[in-house]
Amino acid sequence: MAIPSNLMQFSEDIIKQLTPEEIDEFREAFMMFDKDGNGTISTKELGIAMRSLGQNPTEQEILEMINEVDIDGNGQIEFPEFCVMMKRMMKETDSEMIREAFRVFDKDGNGVITAQEFRYFMVHMGMQFSEEEVDEMIKEVDVDGDGEIDYEEFVKMMSNQ
């Protein structure tokens with residue numbers, strides 16, 4: 001089966017972005033999942049690994065997970081495909097963490113972080129800033145200039161750290 005070149009390129013781009021530490025961590029996890037040591041993770045091995053992590057996927061869910069990253073279409077996950085899968089999962093976790101952090105800042109739940117909410121959070125985190133400093137921080141991320149931080153502005157701020 002021919003591999004779509006754009007899918008192959010996308011996977012190569014993701015792998016190039018990995019740090020040496022991420023590659024080491026992923027390789028360690030891959031070797032734990034690859035029970036028979038043949039260099040691939042089968043549906044059976046993925047199922048065992050997921051159950052050991054407290055998940056209980058159906059056979060169909062396992063097949064779907066493999067198919068999402070199975071670049072060469074052989075029904076198994078090789079290390080580069082595993083890296084793509086792990087990086088994708090990390091991105092999803094990051095966005096969940098950003099969403100949760102936004103909820104913490106947005107005390108009244110109205111979808112924006114006011115200067116007052118931002119200041120309240122900073123004080124409760126033990127950070128002492130003057131009114132001017134808080135206003136300056138908000139100005140830096142307040143793209144639309146409304147004096148508040150909306151979700152998109154917050155995501156941009158958190159992503160630029």
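Positions of Cβ are set from backbone N, Cα and C atoms, glycine also.
The Ca(2+) 3 site recorded in Swiss-Prot comprises Asp106, Asp108, Asn110 together with one of Glu96, Glu117, namely Glu117.
Within the same chain, residues 95, 98, 101-102, 105, 111-115, 118-119, 122 sit at least 6 positions outside the domain 'EF-hand 4' (129-161) and bring their C-beta atoms closer than 8 Å to a C-beta of that stretch. Checked against Asp106 (Ca(2+) 3 binding site) by C-alpha proximity, the binding-site residues Asn74, Gln76, Glu153 yield Glu153 as the nearest. For the domain 'EF-hand 3' (93-128), the residues of the chain that approach it from at least six positions outside its boundaries are 134-135, 137-138, 147-151, 154-155, 158-159, judged by C-beta separation under 8 angstroms. As a summary of secondary structure, the domain 'EF-hand 2' (57-92) carries 25 helix, 2 strand, 9 coil according to DSSP.
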